[in-house]
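J.: I have a structure here, written as structure tokens, and I will follow up with some questions on it.
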Amino acid sequence: MGSRWSSEEERQPLLGPGLGPGLGASWRSREAAAAALPAAVPGPGRVYGRRWLVLLLFSLLAFVQGLVWNTWGPIQNSARQAYGFSSWDIALLVLWGPIGFLPCFAFMWLLDKRGLRITVLLTSFLMVLGTGLRCIPISDLILKRRLIHGGQMLNGLAGPTVMNAAPFLSTTWFSADERATATAIASMLSYLGGACAFLVGPLVVPAPNGTSPLLAAESSRAHIKDRIEAVLYAEFGVVCLIFSATLAYFPPRPPLPPSVAAASQRLSYRRSVCRLLSNFRFLMIALAYAIPLGVFAGWSGVLDLILTPAHVSQVDAGWIGFWSIVGGCVVGIAMARFADFIRGMLKLILLLLFSGATLSSTWFTLTCLNSITHLPLTTVTLYASCILLGVFLNSSVPIFFELFVETVYPVPEGITCGVVTFLSNMFMGVLLFFLTFYHTELSWFNWCLPGSCLLSLLLILCFRESYDRLYLDVVVSV
């Protein structure tokens, strides 16, 4: 496949000896699955049509979680007038996303020990509580702001599952030639939810009019508040529907595993964490993902705040954010499908994507400094640079996830992706923390984008790829 495999020791414990005829009954734990696999010629796995329903439910949950997380950034000007939010409040509302990743390792443990169903049910229940908390009708604005912050915090706690469990779901339910596509769909829908917040918020909630007389301003404030509450109630209703559907049907795994890798023995939680932290290659590629994606996520969450000095309206900022993420989702799924057909090309795909991301982020940053660079600052240039940046960075997410799992296999997928998304949100949190103190001048925030993309490009260039899980499915099962 054009790449060197990792050490023989890393592949040694994957397949256990012996085979009983009842493979489906034996696959109730990873250890039993390993013992149930044949020592000689494993048969191909079996896939079930219900896998698409499981993927749909999980993807909808991820979509709404991203939508709820990005509720306030696109309508920050309206939220200031309706609830008296400050710039610090707006930054903190976005910051609850990465703060929710602090108990990430607990969710990773739960996913590894109790499986997909229990973890997804807990996640959706937290989202029900969070979105419900924001809808409590209270006239006291101080208490209302606290409830909104509490709701955003609970929704942030759902982030570890919707961001980490996509590769686990794809390995559990999908065959080797569908895994990257399933991972892309499940992981990209969270970003698509954040993109739709750029569209829904500004279209439903009107922007404030600072030139209105006092009485008209009070009427406008009440109208804006009513429209924001309509959005909050709608999000609460959708979350309740998804929770009910998940409670009714979301099986933890199929009766039979879809591939050899899905049935093979994995490392324990403790051994997995130790393996990840001692693997220099993994740490290298994890930083290549975490730094630019963390910076970009924080930048996207306050895009309206960043574009306000450039005299970009709330609606235009919403459309820019929407198309940048939608383009990334479409290209990401297309890239993942391409990776399913032509295997062993993940590093090359990432090099191409981050070359484009470095150029487009530099273009955007220099455009915002038009008083120095004299580059044209127009709606077209802002649209083009932001959309290209979103396409290149967002589409890299599923490719990164597949490369992580291949690099450190047999570490479980949920633990692997949990570590890297924790790192990404840590960088995002640090950036937004500084934003709460340095929010009057934001050119430093823009320069973080090309700097992080260039650093990631260099790390990917030095990375030596390997495909241990693919080796197991393609070579061992033949």
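Heads up, the Cβ atoms here are built off N, Cα and C, so glycines get one too.
From Swiss-Prot, for reference:
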type	residues	note
CARBOHYD	Asn209	N-linked glycosylation site
TOPO_DOM	1-51	topological domain 'Cytoplasmic'
TOPO_DOM	73-89	topological domain 'Lumenal'
TOPO_DOM	111-117	topological domain 'Cytoplasmic'
TOPO_DOM	139-155	topological domain 'Lumenal'
TOPO_DOM	177-184	topological domain 'Cytoplasmic'
TOPO_DOM	206-229	topological domain 'Lumenal'
TOPO_DOM	251-281	topological domain 'Cytoplasmic'
TOPO_DOM	303-314	topological domain 'Lumenal'
TOPO_DOM	336-347	topological domain 'Cytoplasmic'
TOPO_DOM	369-384	topological domain 'Lumenal'
TOPO_DOM	406-414	topological domain 'Cytoplasmic'
TOPO_DOM	436-442	topological domain 'Lumenal'
TOPO_DOM	464-478	topological domain 'Cytoplasmic'
TRANSMEM	52-72	transmembrane segment
TRANSMEM	90-110	transmembrane segment
TRANSMEM	118-138	transmembrane segment
TRANSMEM	156-176	transmembrane segment
TRANSMEM	185-205	transmembrane segment
TRANSMEM	230-250	transmembrane segment
TRANSMEM	282-302	transmembrane segment
TRANSMEM	315-335	transmembrane segment
TRANSMEM	348-368	transmembrane segment
TRANSMEM	385-405	transmembrane segment
TRANSMEM	415-435	transmembrane segment
TRANSMEM	443-463	transmembrane segment
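Surface or core, plus neighbours and distances: that's what I need for these features.
T.: Confidence for the topological domain 'Cytoplasmic' (1-51), expressed as mean pLDDT, is 46.
The list of residues near the topological domain 'Lumenal' (73-89) in space but at least 6 beyond its ends in sequence, with Cβ under 8 angstroms from a Cβ of it, reads 141, 144-145, 148-149, 197-198, 201-202, 205-208, 220-221, 224-225, 227-228, 300-305, 308, 314, 317-318, 321, 436, 439.
Within the chain, the topological domain 'Cytoplasmic' (111-117) has long-range Cβ neighbours (under 8 A, six or more residues past its boundaries) at 161, 164-165, 168-169, 172, 250-253, 269, 272, 412, 414-415, 418.
Mapped onto DSSP classes, the topological domain 'Lumenal' (139-155) shows 15 helix, 0 strand, 2 coil.
Secondary structure of the topological domain 'Lumenal' (303-314), assigned with DSSP and counted as helix (H, G, I), strand (E, B) and coil, comes to 9 helix, 0 strand, 3 coil.
Counting residues 6+ beyond its ends, the topological domain 'Cytoplasmic' (406-414) has Cβ neighbours under 8 Å at 6, 10-11, 13-14, 108, 111-112, 164-165, 167-168, 170-171, 261, 264-267, 269, 272, 275-276, 279, 281-282, 285, 346, 465-470, 472 in the same chain.
Through the fold, the transmembrane segment (52-72) approaches residues 79, 85, 90, 93-94, 96-97, 120, 123-124, 127, 130-131, 152, 155-156, 158-159, 162-163, 165-166, 169, 173, 182, 185-187, 189-198, 200-201, 231-232, 235, 238-239, 242, 245-246, 249-251, 300-301 of its own chain, all at least 6 residues removed from its boundaries and within a Cβ separation under 8 Å.
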J.: Take the transmembrane segment (90-110) and find every residue of the same chain, 6 or more past its ends, with a Cβ under 8 Å from one of its Cβ atoms.
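T.: Here the qualifying positions are 69-73, 76, 79-80, 118-119, 122-123, 148-149, 152-153, 155-161, 164, 269, 273, 294, 297-298, 301-302, 305, 414-415, 418-419, 421-422, 425-426, 428-429, 432-433, 435-436, 439.
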J.: Can you find at least 3 Cβ pairs under 8 Å between the transmembrane segment (315-335) and the transmembrane segment (415-435), where each pair is 6 or more residues apart in sequence?
T.: no
J.: Would you call the transmembrane segment (443-463) and the transmembrane segment (348-368) in contact, using three or more Cβ pairs under 8 Å, pairs 6 or more apart in sequence?
T.: yes
J.: Using DSSP, how many residues in the topological domain 'Cytoplasmic' (177-184) fall into helix, strand and coil?
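T.: Going by DSSP assignments, the topological domain 'Cytoplasmic' (177-184) contains 6 helix, 0 strand, 2 coil.
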J.: With contact taken as 3 or more Cβ pairs under 8 angstroms (pairs 6 or more apart in sequence), are the transmembrane segment (282-302) and the transmembrane segment (415-435) in contact?
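T.: Output yes: the transmembrane segment (282-302) sits against the transmembrane segment (415-435).
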J.: For the topological domain 'Lumenal' (139-155), could you work out the same-chain residues 6 or more beyond its ends whose Cβ comes under 8 Å from its Cβ atoms?
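T.: For the topological domain 'Lumenal' (139-155), the nonlocal Cβ contacts are 65, 68-69, 71-72, 83-85, 89, 92-93, 96-97, 99-100, 126-127, 129-133.
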